[in-house]
Every structure is written in structure tokens, then in C-alpha cells.
Amino acid sequence: MSIHLGAKGEDIAPRVLLPGDPLRARFVAERFFHNAYCYNEVRGMLGFTGTYKGVRVSVQGTGMGLPSHSIYVTELFQDYGVQKAIRVGTAGGLQEEVALKSVVCALGAATDSAINARRFSGMHFAPTASWSLLRTAVSVADEMGTGVQVGNVISSDVFYDESGSWRLWARYGVLAVEMETAELYTLAAKFRREALSILTISDHLVTGAVTSAQERERSFTQMIEIALEAIIQ
């Protein structure tokens, strides 16, 4: 057991999907896993393990934002020996060509958070995806006929941002805004693990378009299928 996860060491698989929403973790387990069981209910942050196409895979909710994500990812890497982690979540589109409901694989992640500034004593670290996972996910998506867009995202500390700072990030070609990827990639680098963030565009800051609950579920399912196929390779 770790401080925030009530699992025994063998309860968590070496491959883990990371939705922010613990209810999405349950959805993944019920929809895609065979013989799924719940290994964590601490703080309501549900975690499940099962098999997908004969391979053991876990799914663990992480909450919203870099600090919460950091806690769970650190414990998964440090205390449970997780080797591959794929974040699956939603993001806001920052480019017109990144359509609503499309899937984005985050190549790199900028951030307005002070976490890395503190961690690296004011110096700047470039958090990037694991090439092997990224390449596999893109290949899987192409084979599925889905296709993904690959590029940088911005991991922000602020959800209700009235400053309009997203326009600056958009000017530099950043595809989407979300709240966790920069920390996932930084921790993967620290622990020498593989990590990738696969995101569904649920709303669009440029066009103002938003998805319905039903549309989010369908597009989320597509993203999960890509993530599962990639992580078992």
C-alpha cells in the first residue's frame, strides 16, 4: 500500500490508463476489461485491474490538475513499479483545424504551473512523450481508420482563466489545453518510464463549440480503444 492507494503490490498491472475522472475509470473497467476488480477506493479515487486481449491492464483515476495527478503517478511509478502509463482525458481545442471530438496525442507539454520551476530551481524542463508509445498509438489509430493529430499541449493550473492567455499558446501552434500532461511526462522522465497523453477535444476555445454528454462518451470510447491497443504492444 501507498499513502493514497490501498492496493497490494500485485494488484496493479505494469500498464495503466490514467483518466482524471474516477467514474471514467469504472467505465473503462466495465466496458473493456475481462475479470475486472476494484483495488482502490481511497478518497473515492477508483482504480481497477483486469485483462484486455489477455494482457493485464489497470485503470486509475487521478483527479484534476497537476498536483493531484502528480500524487497518483508518483505512487504508481515509485511504489507499484508501473512501466507504461497513458493519460486518457479531455482537452480544449486551440487551433481551428483541431476539430471537436478529434483525438490528440501530446508530443510535448508546456505549462503555466510553478511545479517544474520549483523542481528545477527556476530552470526549464521540456516534458515530452515516450517515442515508442507515441509511435504505436499513431500507428494503431491509423489502422483503426481514426487518425490522430500530434503536437504540443499546454497543461494549465487554471480552468476558469479570464486572462485569455490561451491565445498566446495558440499563436505558437499549441493544439490544446488541459491540466495534467506536463507532470505525467516529467515524472516518466524522472522514473525512466514510458508515458503518453491521448486527449479528446471536448470543447473549443476558438470556435466556442462544445460536445454533448453523449458525444463525449462516444469520442472517449474511441480514445480508450487507441490507448488500450497501444499500451499492450
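In case you wondered, yes, glycine gets a Cβ from its N, Cα and C as well.
Met179 (purine D-ribonucleoside binding site) carries neither a helix nor a strand DSSP state and counts as coil. Within its own chain, Met179 (purine D-ribonucleoside binding site) has Gly20, Met64, Gly65, Leu66, His69, Ser155, Ser156, Asp157, Phe159 as residues 6 or more apart in sequence whose C-beta sits under 8 angstroms from its own. Swiss-Prot lists His4, Glu162, Glu178, Met179, Glu180, Ser202, Asp203 with the feature purine D-ribonucleoside binding site.
Summarising the annotation, Swiss-Prot assigns phosphate binding site to Gly20, Arg24, Arg43, Arg87, Val88, Gly89, Thr90 and lists similarity to another entry as the type of evidence. Taking the Cβ of Arg43 (phosphate binding site) as reference, residues of its chain lying under 8 Å away and at least six apart in sequence are, in sequence order, His4.
Feature annotation from Swiss-Prot assigns active site, proton donor to Asp203. According to its DSSP assignment, Asp203 (purine D-ribonucleoside binding site) is in a strand. Around Asp203 (purine D-ribonucleoside binding site), the same-chain residues six or more apart in sequence whose CB sits under 8 Å from its CB are Thr90, Gly92, Gly93, Leu100, Ala209, Val210, Thr211, listed in sequence order.
According to Swiss-Prot, the feature site 'Important for catalytic activity' maps to Arg216. DSSP assigns Arg216 (site 'Important for catalytic activity') to a helical segment in the three-state reduction.
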Report summary line: By the 10 Å Cβ-neighbour count, the most surrounded of the recorded positions Arg87, Arg216 is Arg87
Query raised in the report: Taking Arg216 (site 'Important for catalytic activity') as the reference, which of Arg87, Val88, Glu162, Glu178, Glu180, Ser202 (the binding-site residues) have a CA within 10 A of its CA?
Result: Ser202
Query raised in the report: When you put Arg87 (phosphate binding site) at the centre and draw a 10 Å sphere around its Cα, which of the binding-site residues Glu162, Glu178, Glu180, Ser202 have their Cα inside it?
Result: Glu180
